[in-house]
Amino acid sequence: MNSCSSSRQLRNYCNFLTLERSVQGKLVKKEQEVCTRDGSVDRHGDPAIRGRTGTWFAGILILVNQGLATLAFFGVGVNLVLFLTRVLGQDNADAANNVSKWTGTVYIFSLLGAFLSDSYWGRYKTCAIFQAIFVTGLVLLSLSSYLFLLKPRGCGDERSPCGSHSTYQNVFFYFSIYLVALGNGGYQPNIATFGADQFDEEDPKEGRSKIAFFSYFYLALNLGSLFSNTILGYFEDRGLWALGFWASAGSAFLALVLFLIGTPRYRHFTPKGNPLSRCCQVIVAATRKWKVQRMPNQDDDQFESDVPNDRSKIRDRKILHTQGFRFLDRAAIITSKDYTENRIHDPWRVCTVTQVEEFKCILRLLPIWLCTILYSVVFTQMASLFVEQGADMETTISKFHIPPASMSSFDILSVAAFIFIYRRVLDPLVARIRKDPKGLTELQRMGIGLVIAIIAMVSAGIVELFRLKYARKDCPSCESASSLSILWQIPQYVLIGASEVFMYVGQLEFFNGQAPDGLKSFGSALCMTSISLGNYVSSLLVTVVMKISTRDEMPGWIPGNLNKGHLDRFYFLLAVLTTADLVVYIICARWYKYIRFERQQEADSILSNEEADLRV
């Protein structure tokens with residue numbers, strides 16, 4: 001025991017507790033007292049005990065929290081454009097523009113939440129604070145709607161628009177919805193990562209549970225949005241805005257309560273400080289040593305710290321050195337001048353190997369992230385062109401009207417079905433065939449998601465060709481512009497849902513697993529910004545296509561009357577662009593080098609030695 005280093009003693013604190021209790025005859029199972037090996041701590045900052053913290057008890061609370069929070073958010077967002085037109089009296093263009101700004105702000109705030117979480121507050125504190133802001137915003141929105149926006153009483157439906165409102169009332173409304181944006185934006189990138197923190201990836205059993213968690217997390221998100229899109233959306237469409245907003249506020253409050261209930265059981269990772277300064281330190285230190293001759297595999301002269309984290313009682317996980325970006329390796333080289341001037345611990349002159357590898361990891365993630373943006377362009381068509389296409393199809397089935405926007409329910413059902421199919425059928429089958437328990441890697445699954453997205457766009461284009469074939473060109477005033485049933489859209493929605501399971505779930509796992517410990521929330525924020533940029537790129541692409549296709553007095557590919565356009569060509573264009581994106585993605589995926597953490601095998605070795613000593 002005396003030969004162990006102090007950091008190693010802290011690392012195996014729980015293991016020693018187990019052995020001492022066994023000697024005293026207490027019936028305590030060994031695995032119940034073993035600490036996690038990924039560096040997580042409990043709420044007191046002590047090494048987290050595997051049997052007392054985390055796992056599915058905490059994970060299920062977080063999954064329910066995510067479902068309720070998603071219900072609350074989409075209870076506002078899904079019909080916000082209708083609220084602006086019917087209640088505040090805005091025209092369609094202004095309302096759509098204001099919703100786009102509000103949605104974009106949510107994603108901007110996600111970067112703020114990720115930065116605060118990784119740098120200073122930690123994920124638990126960040127989630128709690130931003131959820132409280134989220135609830136406050138929803139309560140204020142409900143109050144403002146009930147007290148003075150929904151005047152006269154009963155207004156706000158399709159036939160009864162509300163009256164004018166004062167500047168103060170409008171300011172109060174916008175203040176409340178941007179509080180909602182701040183709360184949800186700051187919370188979203190952290191809750192997925194915090195849920196993954198509850199599973200020790202160094203343990204084989206918990207590592208498999210961690211992978212499953214991301215699938216269930218995305219399922220919870222979709223189930224929450226399904227309820228808000230159907231039940232809450234129905235009430236709000238009928239003018240019961242206050243009821244819908246109060247239901248959202250109640251759902252968000254219940255989510256916060258459930259989150260706080262799990263406080264004693266959560267595992268935490270201590271924040272590592274400002275990541276921007278750490279990256280700048282690597283660049284500055286490497287630049288200062290640009291004349292140093294760097295020999296291949298010269299790892300002995302590279303600096304690495306074994307000092308425990310200042311905010312916890314265990315040392316951070318080390319990242320092993322990788323090849324590539326060799327210029328940055330100079331930042332970790334210790335020269336004779338560093339020894340002479342006693343600058344070894346000056347981070348602006350000498351950085352640790354782990355710090356250098358963190359920066360390398362970010363550089364390697366960016367090309368993969370850029371390749372996911374075009375997929376998000378395909379994904380965003382569900383909320384725009386798919387709906388417009390459905391609106392010009394036969395929406396009445398046996399006297400039952402199907403709202404075009406409600407077809408997205410097939411996407412949500414597809415997500416639920418394919419998560420089950422992948423987890424229970426495809427993944428075990430692939431693992432058995434490849435004789436690898438991990439099955440498909442995250443990068444392979446994201447590639448499959450791109451392939452399915454291409455098929456979805458081809459399917460949408462073919463449906464549009466048939467819609468045009470059965471178009472009622474002789475009856476422009478008819479309610480439906482084509483006799484083709486809207487049910488023919490089901491395949492494209494199902495395919496998009498299937499692609500989400502492979503792309504977005506794989507993306508969550510990939511960025512969480514490959515982001516350094518100090519940037520996990522930033523990795524989740526990349527997923528959200530990918531969707532945000534996908535919206536902007538989609539808008540830009542539509543603008544460019546319309547500008548080119550409307551030359552010589554042509555109606556263009558996406559005119560107001562789709563029967564006069566060629567929406568099918570736009571879908572096929574997206575299929576071609578996504579195919580090109582897939583080729584680039586494959587190149588980036590083959591180039592990518594996975595991050596490698598130092599395996600914490602010392603604990604097992606020392607535990608075995610201690611057990612042997614006790615037997616003697």
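Each Cβ is built from the backbone N, Cα and C atoms, and glycine gets one as well.
Where the annotation comes from TrEMBL, it is an automatic prediction and has not been curated.
Sequence annotations record features per position, and here TrEMBL assigns transmembrane segment to 56-84 (among others). Through the fold, the transmembrane segment (56-84) approaches residues 90, 92, 94-96, 98-99, 102-103, 131, 134, 138, 141, 156, 177, 180, 184, 187, 191-192, 194-195, 198-199, 209, 213, 216-217, 220-221, 223-225, 227-229, 232-233, 236-237, 241, 244-245, 247-249, 251-252, 254-256, 258-259, 261-262, 265-267 of its own chain, all at least 6 residues removed from its boundaries and within a Cβ separation under 8 Å.
Sequence-distant contacts of the transmembrane segment (105-122), counting only residues of its own chain at least 6 positions beyond either end whose CB sits under 8 Å from a CB of the stretch, comprise 129-130, 178, 181-182, 184-190, 193, 268-275, 518-522, 524-525, 528-529, 531-532. Summarising the annotation, TrEMBL assigns transmembrane segment to 105-122 (among others).
Per TrEMBL, transmembrane segment is recorded for 128-149 (among others).
According to TrEMBL, the feature transmembrane segment maps to 213-235 (among others).
Per TrEMBL, the feature transmembrane segment maps to 241-262 (among others).
Annotation comment: TrEMBL describes 365-387 (among others) as transmembrane segment.
Look at TrEMBL and you will find 407-426 (among others) tagged as transmembrane segment. Outside the transmembrane segment (407-426), and at least 6 residues removed from its termini, the chain residues within Cβ reach (under 8 Å) are 212, 215-216, 218-219, 222-223, 225-226, 229-230, 382-383, 386-387, 390, 439, 486, 489-490, 493-498, 500-502, 505.
Taken from TrEMBL, the feature transmembrane segment applies to 447-466 (among others).
Residues 214-215, 218, 372, 375, 378-379, 382, 386, 389-390, 393-395, 397, 402, 404, 407-408, 410-415, 417-419, 422, 445-446, 448-450, 452-453, 455-457, 459-460, 463, 466-467, 527 of the same chain lie 6+ residues outside the transmembrane segment (486-505) yet bring a C-beta within less than 8 angstroms of a C-beta in it. The feature transmembrane segment is assigned by TrEMBL to 486-505 (among others).
As annotated by TrEMBL, transmembrane segment applies to 526-550 (among others). Sequence-distant contacts of the transmembrane segment (526-550) (same chain, at least 6 residues past either end, Cβ-Cβ under 8 Å): 100, 103-104, 107-108, 110-111, 188-189, 365, 369, 372-377, 379-381, 384, 504, 507-508, 511, 556-558, 566, 570, 573.
Below 8 angstroms of C-beta separation, residues 364, 367-368, 371, 374-375, 377-378, 381, 385, 443-444, 446-447, 450-451, 453-454, 457-458, 460-461, 464, 542, 545, 557-558 of the same chain, each at least six residues beyond the ends of the transmembrane segment (570-592), sit close to that stretch. Per TrEMBL, the feature transmembrane segment maps to 570-592 (among others).
With a cut-off of 8 Å between Cβ atoms, the residues of this chain six or more beyond the transmembrane segment (128-149) that come close are 69, 72-73, 76, 87-88, 113, 121, 162, 165, 169, 172-173, 175-187, 190, 241-242, 245-246, 248-249, 252-253, 255-256, 259-260.
Outside the transmembrane segment (241-262), and at least 6 residues removed from its termini, the chain residues within Cβ reach (under 8 Å) are 57-58, 61-62, 64-66, 68-69, 71-73, 75-76, 79, 83, 87, 127-128, 131-132, 134-135, 138-139, 141-142, 145-146, 150, 156, 228, 232, 235.
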